[in-house]
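For reference, the structure discussed in these notes is given below.
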């Protein structure tokens, strides 16, 4: 006698309301909370956020907010930045495991030893780094303002640039400066296949290939436009082209499609037939986790005060130099 085994069904979480959008809106009013979301978040999180942006825009919003609670739909270093700027506010990250491969590629102890080899160098650190690395830096930058920041530093001042080597190379090309680079990288932006991108450009000869500067030089050399996520979004709206191959995390395509619904956006392919160009850390955040974080006021981002204070100054320098 045979019996049919039914597939195991996951029980419905009784603590999750059916209408999450309404429940989150109610909690937002109750807590006087603001939801900040990065472009790489899932579309449903982007749609409920009060502000969607790149690292620079999110930092500016975090610095300016009057909310009592900041819910950061992004990764750990972004929520840390919000806490550095707002020590008296409650900063929530829906999933504390939402880390960053680029930030992880620059361990504080190793970077301290690296920095000690260049005592006369100014340290410019990409915002995609831990609070400890920010605390060891002189100025923070983002992909939106890295070139602008470096151009404001006297030419006779030697510079360490950390942690992203690809962004560092791009800044060197744009500024003509010789930077000492920390050899870190982002797993997402290093997975794009030059060969497959060339094939796509042959398949879509009228398409524009646009790319984030965290991509490798072999990929960037084919791009008709290179810029931060916000810059890519703006360019795709203003360009006369109607088809784009986009080399960055594909979460940005949700906003591109909303802003230009009649245009076509094709995610740049990865080396393997996988979703490797989706950031696994960004995708840990879900609408359900966002709701529970607000309801439970946890997980909360906390920092040792001496680290926070030391990290604040280079961020404030960036915000001032970005005006």
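Just so it is clear, glycine is given a Cβ too, placed from its N, Cα and C backbone atoms.
The annotation iminosuccinate binding site is assigned in Swiss-Prot to 38, 55, 126, 127, 128, 143, 212, 213, 214, 229 on the grounds of sequence analysis. Note: residue 126 (iminosuccinate binding site) has non-local neighbours 102, 140, 141, 142, 143, 146, 161, 162, 163, 164, 167, i.e. same-chain residues 6+ apart with C-beta under 8 A of its own C-beta.
Summarising the annotation, Swiss-Prot assigns [4Fe-4S] cluster binding site to 100, 186, 279. Taken residue by residue with DSSP, residue 100 ([4Fe-4S] cluster binding site) is part of neither helix nor strand, so it is coil. Other C-beta atoms found within 10 angstroms of the C-beta of residue 100 ([4Fe-4S] cluster binding site) number 23, with every protein chain shown included.
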Please list, in sequence order, the residues in the chain of residue 214 (iminosuccinate binding site) that are at least six apart in sequence and whose C-beta is under 8 Å away from its C-beta. 102, 143, 164, 166, 167, 185, 186, 188, 189, 248
Where does residue 126 (iminosuccinate binding site) sit by DSSP, helix, strand or coil? strand
If you draw a 10 Å sphere on the Cβ of residue 38 (iminosuccinate binding site), how many other Cβ atoms land inside? 26
Same chain, not part of 100, 186, 279: whose C-beta falls within 8 angstroms of the C-beta centre of the [4Fe-4S] cluster site? Give them in sequence order. 75, 101, 102, 103, 128, 187, 188, 189, 249, 281, 282
I'd like to know which of these binding-site residues, 186, 212, is least surrounded, judged by other CB atoms within 10 A. 186
Name, in the order they occur in the sequence, the residues of the same chain whose CB lies under 8 A from the CB of residue 279 ([4Fe-4S] cluster binding site) and which sit 6 or more residues away. 40, 75, 188, 249, 251
Distance between residue 100 ([4Fe-4S] cluster binding site) and residue 128 (iminosuccinate binding site) at the Cα atoms, whole Å? 8
